[in-house]
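The next block holds one structure in the form of structure tokens; read it before the comments.
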Amino acid sequence: MAVGDGGGGGGGVRRRGCGCSKEDFFPEESFSSWEAYGRALRSTGARLADRLTARSLDATELHEVRARSGADMKRDLTWWDLAWFGVGAVIGAGIFVLTGQEARDAVGPAVVVSYVVSGVSAMLSVFCYTEFAVEIPVAGGSFAYLRVELGDFMAFVAAGNILLEYCIGGAAVARAWTSYFATLLNHHPNDFRIHAASLAADYSRLDPIAVAVIAIICLLSVLSTKASSRFNYLLSILHVAVIAFIIVAGLTKADAANLTRDFMPYGPRGVFAASAVLFFAYIGFDAVSTMAEETRDPARDIPVGLVGAMALTTALYCALAVTLCLMVPYGEIDPDAPFSVAFADRGMGWAKYVVAFGALKGMTTVLLVSAVGQARYLTHIARTHMMPPWLARVHPRTGTPVNATVAMLVATAVIAFFTDLNVLSNLLSISTLFIFMLVAVALLVRRYYVSGETSRADRNRLAACIAAILASSVATATCWGLDRGGWVPYAVTVPAWLAATASLWALVPQARAPKLWGVPMVPWLPSASIAINVFLLGSIDSKSFMRFGIWTAALLVYYLFVGLHASYDTAKAFAADAVTGKVEDGDAKTSAPPM
């Protein structure tokens, strides 16, 4: 059975330039002919059962899978690079655009509380990501972590949502870039967009500037990761200086009555509804975890870079949110460029240009880090052949995944050209919260289950405790989402979550200790991450869930007709290798506990 390597596929001669053939995209035996594809489709049931139980191992992801890209990525990054990548990835459209939208329409001055709730959730997820990134320092990020702990199928479902997260996140920031660029030139953002009246309202403002910005970022990100890092931290340092100016100058125009007169006009429900959307402002740190493969000392650099960047970001977000609400009554906040307009309305017209310039720099770094991260996700997914292996190629000279970078940014540009920011942010939050919840579940499985060592009784108790944690979290979120009122439902669901977590802590022994860096207070912190992420999911509007469901259904269709058969053939082709045969073969004894 011939399965080509990730670098070019097919076992044939590697091609130069843009020449591509079917072997570059579908080198697997199932796609060798229509007859072979028909046989594969008839075996879908058996193959799906095989993939549902297939798990990988750390060593497989670190060596065999990574080798399928041909050339290696360059290990040039330090904690300094990662920390500024984290800051550059996160501080952008969220604080400069969504703060105004949510403060005015959803939560009022209590937007700062919403940022705290989202920040706590994000920090818990950072802890989970950091342990995995230190233990499995590969480009695949959460896709690789889930493949090791929850299996091939769950990793693919997450992978599709990871790609959606990055495309939508980049598109949203690119459209926000246009908004601030327009403010800088004293124009309304729609002055630079083309109105296509025949399209639906949320998709009718076409944005060519967003597409141009994405194209420039694409060029920068394929040239060199280290050069991208230098460019990023220079802009990020300048950006932090602008933020300091916003806080200091804004507080000189503060009116405490704006903050205290009606602090929480929409009640607790508004706080949590805004938290779910503002979680978008923390997106980006997971991109840093995909750079672990290019980090010199993952055990030291990743914890310092990731945790330090998130702590600094949360503090800056809260300070900026308080400053905005002190400057302007929440009902008068401009939804497109809140900080720039706030300064203009307070007699500091010149300051709005400094703010707009800083926002543009911040959003530029967000786009750059997103481009770097999303390409590395796609590269590792393609290494497993769940996506065409042509996308896994790493350029031997630049050490960057050129094909994956271009493919992702073309998709991002198409979305940015058509789609309104509000539609993008809500859908993005669903995908991200879902993935972060899965990573927390995977961390519990990693700590408490080791194939061949964990007893059947402990495995069953682990499965029951995780199921109870998920069920109680979903029940709490459902009660909140249905808005039944009263505290009685929560008096049942919250103690149920506490009991499930306490049972896991008391009744199931940990089967594995982290080798280099570990999340503290396991199982409490991962369980809290699950609960908060699920709770925030319950605060998102129903239309966004419909879009999420449609996208997930489309993913499953692709998987059943393409991804399943490609990854199955690849796993079986590499089964001759002793290590790979144990971990990627669904018939092996390394299957995950049923959950």
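Cβ from N, Cα, C; glycine included.
Just so you know, TrEMBL annotations never went through curation; they're auto-generated.
Along the domain 'Cationic amino acid transporter C-terminal' (517-567), the predicted structure has mean pLDDT 86. Feature annotation from TrEMBL assigns domain 'Cationic amino acid transporter C-terminal' to 517-567.
Among the features that TrEMBL reports, transmembrane segment is placed at 77-98 (among others).
Sequence-distant neighbours of the transmembrane segment (110-132) (same chain, 6+ residues past either end, Cβ-Cβ under 8 Å): 99, 102-103, 141-142, 144-145, 263-264, 266, 270-272, 274-276, 278-279, 281-282, 285-286, 289, 302-303, 306-307, 310-311, 313-314, 317-318, 321-322, 324-325, 330, 436, 439-440, 442-443, 446, 514, 517-520, 525-526, 528-529, 532-533, 536. Summarising the annotation, TrEMBL assigns transmembrane segment to 110-132 (among others).
TrEMBL lists 208-224 (among others) with the feature transmembrane segment. Here the transmembrane segment (208-224) has Cβ contacts under 8 Å with residues 170-171, 174-175, 177-178, 181, 192-194, 231, 364, 367-368, 371-372, 375, 395, 398-400, 402, 405-406, 409, 412-413, 416-417 of the same chain, all six or more residues outside its ends.
What TrEMBL records for 231-251 (among others) is transmembrane segment.
Per TrEMBL, the feature transmembrane segment maps to 304-330 (among others). Sequence-distant contacts of the transmembrane segment (304-330) (same chain, at least 6 residues past either end, Cβ-Cβ under 8 Å): 79-87, 89-91, 94-95, 99-100, 103-104, 108-109, 111-112, 115-116, 119, 122-123, 126-127, 129-130, 133, 240, 243, 246-247, 250-251, 253-256, 258-259, 261-262, 265, 281-282, 285, 288-289, 338-339, 342-343, 345-346.
Listed as Cβ neighbours of the transmembrane segment (350-378) (distance under 8 Å, sequence separation of 6 or more from its ends, same chain) are residues 85, 87-93, 96, 139-141, 143, 159, 162-163, 166-167, 169-170, 173-174, 176-177, 180-181, 183-184, 213-214, 217-218, 220-221, 225, 228, 231-232, 235-236, 238-239, 242-243, 245-246, 249, 284, 286-288, 290-291, 293, 337, 339-341, 343-344, 387, 391, 400-401, 404-405, 407-409, 412. Annotation comment: TrEMBL describes 350-378 (among others) as transmembrane segment.
If you look up TrEMBL, you'll see 399-418 (among others) marked as transmembrane segment.
Annotation comment: TrEMBL describes 430-450 (among others) as transmembrane segment. Proximity of distant same-chain residues to the transmembrane segment (430-450), defined by a Cβ-Cβ separation under 8 Å and at least 6 residues beyond the stretch ends, is recorded for 121, 124-125, 128-129, 131-132, 142, 145-146, 148-150, 154, 158, 161-162, 164-165, 168, 276, 279-280, 283, 286, 458-459, 462, 466, 470, 504, 508-512, 519, 522-523, 526-527, 529-530, 533-534, 536-537, 540, 544-545, 548, 551, 592-593, 595.
Positions annotated as transmembrane segment by TrEMBL: 462-481 (among others). Below 8 angstroms of C-beta separation, residues 269, 272, 441, 444-445, 448-449, 454, 489-490, 492-494, 496-497, 499-501, 503-504, 507-508, 523, 527, 530-531, 534-539, 593-595 of the same chain, each at least six residues beyond the ends of the transmembrane segment (462-481), sit close to that stretch.
Here TrEMBL flags 487-507 (among others) as transmembrane segment. Same-chain residues lying 6+ beyond the ends of the transmembrane segment (487-507) with a Cβ under 8 Å from its Cβ atoms: 444, 448, 461-462, 465-466, 468-469, 471-473, 475-476, 479, 523-524, 527, 531.
The transmembrane segment annotation in TrEMBL covers 519-538 (among others).
Annotation comment: TrEMBL describes 544-562 (among others) as transmembrane segment.
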Contacting positions for the transmembrane segment (399-418) when only residues 6+ beyond its ends and CB under 8 Å are counted: 69, 71-74, 139, 163, 166-168, 170-172, 174-175, 199, 203, 206-208, 210-211, 214-215, 217-218, 221-225, 371-372, 374-376, 378-379, 382, 390-393, 424
Secondary structure composition of the domain 'Cationic amino acid transporter C-terminal' (517-567) [DSSP: H/G/I, E/B, coil]: 40 helix, 0 strand, 11 coil
